[in-house]
Structures are given as C-alpha cells and as structure tokens.
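Report on the structure given below.
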Amino acid sequence: MSNGTAVMGKINNKKTHITCRRCGHHTYNVRTKRCSHCGFPAPRIRSYKWAKAK
C-alpha cells in the first residue's frame, strides 16, 4: 500500500511558471501557455476592477 498517487512526485520537479515576455512577471504558465498576470498571448492586457486598489 502506498499513500496517494505515485505519479504526483514526478510533477513536482518541473517548472510551472517562467518569466513572461510581455509583463516581466514570473507568471507565464508553461503548460497552459498563458500568463496569469497580464493574460499573454491575448491581445488585450488582463485587468479586472476587483483587482485594483480602491
């Protein structure tokens, strides 16, 4: 018997995010090919009203 899935240990040693070309933040997801900060490669920059300071 083992605790949990053995495959999950193989996922941990890879990079999930790298530096984004557009915004420069370390938020570009390598697997989904999308930046969680600016939304690259979408043509419009990602911005939400709830994310801005009041």
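Backbone N, Cα and C atoms are what each Cβ position is placed from, and that goes for glycine too.
Values in this document were obtained by computation on a predicted structure and should not be read as measured data.
Residues or ranges marked as Zn(2+) binding site by Swiss-Prot: CYS20, CYS23, CYS35, CYS38. The zinc finger annotation in Swiss-Prot covers 20-38.
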Exercise. When the number of other CB atoms within 10 A of each residue's CB is tallied over all shown chains, which of the binding-site residues CYS20, CYS23, CYS35, CYS38 has the maximum?
Worked result: CYS35
Exercise. Can you list, in sequence order, the residues of the same chain other than CYS20, CYS23, CYS35, CYS38 whose CB lies within 8 Å of the CB centroid of the Zn(2+) site?
Worked result: ARG21, ARG22, GLY24, HIS25, THR27, TYR28, SER36, HIS37, GLY39, PHE40, ARG46
For this session: For the zinc finger (20-38), provide the mean pLDDT of the predicted model.
Result: 97
